[in-house]
Structures are given as C-alpha cells and as structure tokens.
Amino acid sequence: MLDNRPIPADPNEWRCEDVGNWLKKIGMAKYADLIAMKHKVDGKCLLALTDTDLKDPPVSINCLGDIKKILFAIEFLSQKVVEIGNSGVHHRSTPNGNGPSLKNSKDGLLVEYNEQNHLSISGEDVYTTTRRAEIVEDEETLLDTLAKSSDGTSTVQLISREEIIRQVERPDTYFKSVAKLLIAFAYSSLSFLMTSFVMVLVHDRVPDTKTYPPLPDIVLDNVPHIPWAFDMCETIGLVLAVVWFTVLFFHNQRVIVARRMFSLLGTVFLLRCFTMLITSLSVPGIHLQCEARPNTTMQEKLHKAFHIWSNLGMSLHGVRSCGDYMFSGHTTVITMISHFITEYTPADWTGLHTFTWVLNCFAIFLILAAHEHYSIDVFIAFYISSRMFLYYHAYAYNHAGITATDYRMRTWFPLGWFFEYGSQGKVENEFSLPINIRIPRRVFFAKSEEPKITPKSDSSRKRSSVVAAKQNGNSKNHTKKHN
C-alpha cells in the first residue's frame, strides 16, 4: 500500500513507496505496484534502470511510449542528483547510456499530452479532448505537465537547439508564410505603439524655448519658414502610400513583401524610440508652440499615445507633438516606401521610379521648409532607412549561403534569420488579382442578344421559292455546258 507522505528531495533516499508515488505523479500509475512494490525498486534502483530492464522480463512493459516516458523522467532525477552534489550517483549520458545528455545544455523536452476539458451545453456536461504540447526544462515542470494528461498517455521527445533551428529553417509553406506575416504585423504594431508612447514622454520634457532657442542649422537658417509645407509633405506621403499599396495588392508574392515591410518598419521605429528618448533637442523653429507637461498622469500619457498611434502620427489628423526630432519619422516612412516601390516593380518601370524619388526629394525639402525637423534629423532618417532596407534585402537574398558559412549570423541578425530563412529570397515582380473572379457567361450574353426564330410570312416564302428555283436552273445549265 503506497503512502502519501512527502517525497524526499534526494532520489537516493526514496523508499519503494516513494518510487510508487513518483510513478503516479508522472502519469504511470498502472506500473506503480509492479515496479515499486512487486519488484522492490527504491530510489537507487530507480536511477539505475535502463530500457532493457523495463522491456525485458520480469517487468516486461510492452508500450514503447511508456518506457521512453519513464526513462526521460529518470534522466531528470539523475540531473537532480548531480545538482544536489551527491557523489554516490554518477551522471549518465542517457537513461540507457547511449544517447544525448541534457547536462550543461540548453536542450529541453517536448511533451505532448491529451487534456480533457469540461463544458456545459444546454445543461448537459460535455467533455472534449485537446492535444497539447509544452517544452519543459526541469523535473518539476515535467511532472506537472505529465500529470495534466487526462488519459495517462503522453509523448515525450527530446528537443534540442539544433532541432529548433531545423524547424525554423525548413522551406516555407503557405501557412508558415502567413504566420510569419502575422508575427511581423504584430511586431510593427507594438513598435509603433511604443514609439507613440515615447513621443508623449519626450513632449513632456521638451526644453523651454526661452531658455534653449533653436540650434544653428545650415539649412533652416537659409530657408524661410513655409507654414503649409508640412501638410503638403504628408499629402505626398499619402500619394506614395496609395501607389505602394496598389502595387502590393496586385503583387504575386504579396505575403512575403508585406512581411518584409512590417519587419523593417518595426525595427526602424524601435530604433527611433531610443534616439528620441536619449537626448532631447530644442525645438527647431520659434513658430512651434511647445511647452513641457511635467504633471500629466499615466492615464493621460496612454490616452495621448493611443491618439498618436491611431492617427499614424499625422498632423493632417490632428496630431501635434514636440521633442520627437532625432530622427524624422516622416522621412523614414517616405524613404522606405520609395525603396519598396523601386524594388518590387519591374526594372523597366523607370517612369514610376523617377516619379517616386522626385516626390521623395520634394517631401524631404518640405519637411525642412516647414522647420519641423533639423537637417541632421532628416539626414539620419534617410541614411538609416536606406541602409536598413539594403542590408535586410542583401541578407534576405543570400541568407542560405551566408548562414551556412557563419553560424553567428543567426545571432547577429535574429530578425532577418527568423523571417527570411526558408523563404525564396528574391521574388519575381509579377502581378495578378489576389483572388480568381469568374463572371458567368450569361452576364455577357443576355437572352435578348440570342438569335430569334420568327415565322415567315407568305410573301417571304414566295421570294425564297423563286430564289431557290433560279439557283437550281443555273446549276443545271452549268452542268450541261460541262457535258
């Protein structure tokens, strides 16, 4: 009979009853009496068990999954003994002595089990079974996970860092591409929201214009202030955005291209958070009415951040911010859109490319003419946006060769490795509708257009008979001449 006293921390001190309780805890209750009580297996004997002991007589467990589950659980016990520092128990490479070791490694166990859920529908109890999977790295988590199994059956699989890498680097399927797109979209959305919150923080600590006048700037000092310039810059940005999203909508590889857009924009704006927060520059123009707001509550800050985020930070939508100068977000977005239009349209569309970059240059000039940013803000924004776009695509187009020759690339470019490995690299710039639209034939050929058969009148019948007689007479004369 198994007791319910607490199990000692050191497995070497376990009695047979403790081994039986431990087997019940990991979901192997059906073998508790057989192993612990019938064959008198205590803690030390448990640590010495191998797969041969379990599958051969006298134990004779016939289920391979149960054998592996017990062996992996014993492996964690061995790890625990080593951590305790008990020199009486040596660490084995695996439960059976010929497999990979978890000692001093980042390997984990992938545990799959059936979890039973209880639902009440129309007053009746309904039980559903869901297949779950968890990665565990310690004994307590393993035991808790195995105990969740509703039917006592679980699958335990050793999963290593190399296995995770292989899963990420497998060729992309459609589902995997869409999943990456959703992750990239969530990443960019959180980055934009964080940027909006930082914009509120820097506005609350903007330097006083009376104490800190605008800094000397070689461009702003020589270009007069144009009040409507910034609104015109945002209008140009909207035009470029419409062009780009039209291209993206009809592009054959729209999922891959959209994923790259979101991942790049999210990364650049995440970098902008730090550059804005580290150093607060004075306002670039005396026309800007900027005052610090040091006493705002957290709720007010979050409300203002959501206002900026939901309106895309555009002054056309009523967003007014100060202190977010290093570096220019408008220049970043416009430059990134111009790069995407150029990269993902055919090379012979030179007219569109020229039009795009001319608008880009005008937009940058209008930002400076509006005195909304210093020249260094615009220059840094253009440089960072261009370099990030080119570096990311250089890696995306050659990721397989680069990563295969230098494993450190996974550490240096984790975002690019995660999103691009398994992808096809450079994509063909071909266009089509996102969905096939089939229009029924009857829409084009109405019943009114179909030929109608009407009864002939008497006069028309007579004319037809006369014409037929003449044709017969001509054919007979033609035959006589030949004869």
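The chain as shown is numbered from 1 upward.
From the backbone N, Cα and C atoms, a Cβ is placed for every residue, glycine too.
Now, the feature entries from Swiss-Prot:
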| type | residues | note |
| --- | --- | --- |
| TRANSMEM | 182-202 | transmembrane segment |
| TRANSMEM | 230-250 | transmembrane segment |
| TRANSMEM | 261-281 | transmembrane segment |
| ACT_SITE | His330 | active site |
| TRANSMEM | 349-369 | transmembrane segment |
| ACT_SITE | His373 | active site |
| TRANSMEM | 376-396 | transmembrane segment |
| ACT_SITE | Asp377 | active site |
| TOPO_DOM | 397-483 | topological domain 'Cytoplasmic' |
| COMPBIAS | 450-461 | compositional bias 'Basic and acidic residues' |
| REGION | 450-483 | region 'Disordered' |
Original post:
Between the transmembrane segment (230-250) and the transmembrane segment (376-396), do 3 or more CB pairs sit under 8 angstroms, pairs being 6 or more residues apart?
Top reply: no
**OP:** Ten-angstrom check, please: count other Cβ atoms within 10 Å of the Cβ of His373 (active site), all chains counted.
**Re:** 28
Subject >> Cβ neighbour count within 10 Å of His330 (active site) >> reply: 25
Original post:
Which whole-number value in Å describes the distance between the Cα atoms of His330 (active site) and His373 (active site)?
Top reply: 10
Original post:
Same-chain Cβ contacts of the transmembrane segment (230-250) under 8 Å, 6 or more residues past its ends?
Top reply: 257-258, 261, 314-316, 330, 333-334, 337-338, 340-341, 344-345, 352, 356, 359-360, 362-363, 366-367, 370, 372, 431-434
Subject >> Neighbouring C-beta atoms (10 Å sphere around the C-beta of Asp377 (active site)) >> reply: 24
Subject >> Sequence-remote partners of the transmembrane segment (349-369) [C-beta within less than 8 Å, at least six residues beyond its ends] >> reply: 219-220, 223-226, 229-230, 232-233, 236-237, 239-240, 243, 328, 330-331, 334-335, 337-338, 341-342, 375, 378, 382
**OP:** Determine the mean pLDDT over the topological domain 'Cytoplasmic' (397-483), rounding to the nearest whole number.
**Re:** 65
Original post:
In terms of DSSP three-state secondary structure, what is the assignment for Asp377 (active site)?
Top reply: helix
